[in-house]
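Engineer: Dropping the structure in here first, questions after.
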Amino acid sequence: MKKAKILSGVLLLCFSSPLISQAATLDVRGGYRSGSHAYETRLKVSEGWQNGWWASMESNTWNTIHDNKKENAALNDVQVEVNYAIKLDDQWTVRPGMLTHFSSNGTRYGPYVKLSWDATKDLNFGIRYRYDWKAYRQQDLSGDMSRDNVHRWDGYVTYHINSDFTFAWQTTLYSKQNDYRYANHKKWATENAFVLQYHMTPDITPYIEYDYLDRQGVYNGRDNLSENSYRIGVSFKL
């Protein structure tokens with residue numbers, strides 16, 4: 001309930017205050033995970049400023065995942081992200097930032113730094129390192145109460161095909177710091193996301209996304225299942 005109130009407050013500010021949000025973006029996305037047989041809905045509001053600051057807030061809702069099978073719909077998590085762009089020259093940019101994730105288990109902090117390179121006016125490459133630190137403890141494989149902290153590396157490729165279409169690829173490697181395992185029975189896991197955007201109007205951009213999430217699917221007491229994510233969404237400039 002508190003997370004819902006926080007999200008409502010931020011959305012109200014974004015929609016009602018022109019001084020705070022003059023060109024915000026609202027992103028609505030739905031998806032399905034084939035291994036876990038789970039449906040998701042995401043609502044995200046983001047804003048960038050000319051002075052280099054960027055911020056977003058989003059909520060994620062699942063129907064059956066993360067031991068939440070008794071409810072048809074529930075607000076599983078809310079996260080807030082802030083970063084600042086430092087232009088090194090006309091092609092290179094460094095973005096230090098922080099992601100704060102709220103869930104029923106507790107709060108997770110993810111400080112990161114991202115380096116991006118505009119190879120051409122249509123082609124961009126990026127790489128990011130993020131450290132996910134949990135402010136709460138959970139039982140590890142040895143039975144001890146520890147923090148399930150994670151090292152995360154991301155790679156990005158974005159290509160503007162033409163005035164109508166943009167293609168993006170994000171590859172991710174996760175590595176658990178302590179005595180925990182992913183659903184693939186390993187301390188590490190990978191993800192690959194492929195997105196195709198259609199710039200229907202200057203203010204409306206629908207898109208489709210396919211993700212391969214390694215063998216991280218969990219369903220009916222079984223894990224190590226091949227996990228595919230199929231998503232469709234649309235972004236609106238407000």
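Yeah, the Cβs are placed from backbone N, Cα and C, and that goes for glycine too.
Note that the structure is predicted; figures quoted are calculated from it, not measured.
Pulled these from Swiss-Prot:
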- 1-23: signal peptide (SIGNAL)
- 26-32: transmembrane segment (TRANSMEM)
- 33-39: topological domain 'Extracellular' (TOPO_DOM)
- 40-49: transmembrane segment (TRANSMEM)
- 53-61: transmembrane segment (TRANSMEM)
- 62-76: topological domain 'Extracellular' (TOPO_DOM)
- 77-86: transmembrane segment (TRANSMEM)
- 87-91: topological domain 'Periplasmic' (TOPO_DOM)
- 92-102: transmembrane segment (TRANSMEM)
- 103-107: topological domain 'Extracellular' (TOPO_DOM)
- 108-117: transmembrane segment (TRANSMEM)
- 118-122: topological domain 'Periplasmic' (TOPO_DOM)
- 123-132: transmembrane segment (TRANSMEM)
- 133-151: topological domain 'Extracellular' (TOPO_DOM)
- 152-159: transmembrane segment (TRANSMEM)
- 160-164: topological domain 'Periplasmic' (TOPO_DOM)
- 165-173: transmembrane segment (TRANSMEM)
- 174-190: topological domain 'Extracellular' (TOPO_DOM)
- 191-200: transmembrane segment (TRANSMEM)
- 204-212: transmembrane segment (TRANSMEM)
- 213-228: topological domain 'Extracellular' (TOPO_DOM)
- 229-236: transmembrane segment (TRANSMEM)
Engineer: What else in the chain is close to the topological domain 'Periplasmic' (160-164), if you only count residues 6 or more beyond its ends and a Cβ gap under 8 Å?
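Structural biologist: Those are 121-123, 198-199, in sequence order.
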Engineer: If you average the pLDDT over the topological domain 'Periplasmic' (118-122), what number do you get?
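Structural biologist: PLDDT averaged over the stretch: 98.
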Engineer: Residues of the same chain, at least six outside the transmembrane segment (26-32), with any C-beta under 8 angstroms of its C-beta?
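Structural biologist: Long-range Cβ neighbours of the transmembrane segment (26-32): 38-46, 58, 209, 229-236, 238.
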Engineer: Do any residues, 6 or more residues outside the transmembrane segment (204-212), come within under 8 Å Cβ-to-Cβ of it, and if so which ones?
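Structural biologist: For the transmembrane segment (204-212), the nonlocal Cβ contacts are 29, 31, 191-198, 227-237.
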Engineer: Go ahead and report the DSSP secondary structure tallies for the topological domain 'Periplasmic' (87-91): helix first, then strand, then coil.
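Structural biologist: Grouping H, G, I as helix and E, B as strand yields 0 helix, 1 strand, 4 coil.
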Engineer: I need to check the long-range neighbours of the topological domain 'Extracellular' (213-228): which residues 6 or more away from its ends have a CB within less than 8 Å of a CB in the stretch?
Structural biologist: 33-37, 65, 182-185, 189-191
Engineer: Cβ under 8 Å, sequence separation of at least 6 from the ends of the topological domain 'Extracellular' (33-39): give me the contacting residues as numbers and ranges.
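Structural biologist: Same-chain contacts beyond the ends: 62-65, 213, 215-219, 225-230.
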Engineer: Mind checking which residues of the chain, 6+ beyond the ends of the topological domain 'Periplasmic' (87-91), have their Cβ under 8 Å from one of its Cβ atoms?
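Structural biologist: Sequence-remote neighbours of the topological domain 'Periplasmic' (87-91) are 52, 117-119.
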Engineer: For the topological domain 'Extracellular' (133-151), give the DSSP counts of helix residues, strand residues and coil residues.
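Structural biologist: Summed over the topological domain 'Extracellular' (133-151), the classes give 0 helix, 8 strand, 11 coil.
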